[in-house]
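Per TrEMBL, these features apply:
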- 104-342: domain 'G-protein coupled receptors family 1 profile' (DOMAIN)
- 1-29: signal peptide (SIGNAL)
- 90-115: transmembrane segment (TRANSMEM)
- 122-150: transmembrane segment (TRANSMEM)
- 156-181: transmembrane segment (TRANSMEM)
- 201-222: transmembrane segment (TRANSMEM)
- 242-263: transmembrane segment (TRANSMEM)
- 291-310: transmembrane segment (TRANSMEM)
- 322-344: transmembrane segment (TRANSMEM)
Amino acid sequence: MMVLTVRKFTFFRIRHLLAMILSLAAVAAMSSGGGSSLNSSSPLDPFDSSTSWSLVEDPSNSSSEPVVRTLTPDFQPATTAVAIQEVNPWDIALCVTGTLISCENALVIAVLFYTPTLRAPMFILIGSLAVADLMAGLGLILNFVFTYLIDSSVEFVTLLSVGLLISAFSASVFNILAITVDRYLSLYNALTYHTERTVTFTYLMVLFIWVLCVTLGSLPALGWNCLRDESTCSILRPVTKINAVALAVTFLLVFATMMQLYLQICKIAFRHAQQIAVQHQFVGISTTKGVSTLSAILCAFGACWLPFAMYSIVANSSYPAIYTYATVLPATCCSVINPIIYAFRNPDIQKSLWMACCGCFPSNLSLRPRTSSDV
């Protein structure tokens, strides 16, 4: 009886050993034969630290026999491949443009802030334009940071970035329109302009512009976005197609208004030149220079923004991204040109800037008489 017991025990030990050998052979065959769940280039190593083993009960055994367990591997990779996002050269160009915009307009704001004599309505509008362009430049930089350094899949990050850009660039366009209106009024009501255009009225107009633009920028955060339905996206995610078309049409109306106002400014300037026969030569030269300046301003503004506005109307999110970049980049360059056209060309700002470079900010800078082409 004892001999039978020993033989039965030895039989089960041999059976257990054979089960383990067959299990290891099957796993090795899977690893070398290109199994679907394993990498064929890395055969199974039972002593590898990245492979853990667990005991699994053999279901073929009956309850009356000793329990037979086999070793099966639990594959847990020791390292995980980290996907590195490739940086788009267009995004680098936009970030560099945003940095240039920020530096230029920060200089304009500093000169206006530290020069108390530059508080006329025209300089308030120039300052508001500089603030808008500064925010646009910072928005481009933050958009690059959110895209490559922060998880851009978070809805809050996406909505914050696009809201800042819409508010800033909208404020830039509307401030340019306000400067154009100010130029027109300075010629149309030349005698009463300085009494009617008070600083308080200018501040109220600037406040209205910013409230309107912040409202436009907050629309995506208020639900007017395509995060839930990608098919309704425009060329700029998460702005919807309807929102993009509305903004583009608004820009076209602003551009048409500016063209009409500049045409009226030219007519008034030529009429003044004809009425002053004594100063015909001087006024003729000044008028010609003013008309050429206004034409250059209008052409630069249209060349920067018209391609993007027209493309926003006809395109959607299915169009290649390179077309979007090719139209967005010129539009952002308008904020690079604005400080040169509206600030650095102004003689009063030039004098303040030169004195600031010498290390002193003037407290009582004498301002020369201004004309419509100074702004």
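Cβ from N, Cα, C; glycine included.
Within its own chain, the transmembrane segment (242-263) is flanked in space by residues 166, 170, 173-174, 176-177, 180-181, 183-184, 216, 219-220, 224, 232, 234-236, 294-295, 297-298, 301-302, 305-306, 308-310, 312-313, which lie at least six positions past its ends and keep a Cβ under 8 Å from the stretch.
Between the transmembrane segment (322-344) and the stretches 90-115, 122-150, 156-181, 201-222, the greatest number of Cβ pairs separated by less than 8 Å involves 90-115.
Within its own chain, the transmembrane segment (90-115) is flanked in space by residues 123, 126-127, 130-131, 133-134, 136-141, 143-144, 147-148, 322, 325, 328-329, 332-333, 335-336, 338-340, 343-344, 349, 352-353, 356, 361-362, 365, which lie at least six positions past its ends and keep a Cβ under 8 Å from the stretch. On the 0 to 100 pLDDT scale, the domain 'G-protein coupled receptors family 1 profile' (104-342) averages 86 in the predicted structure.
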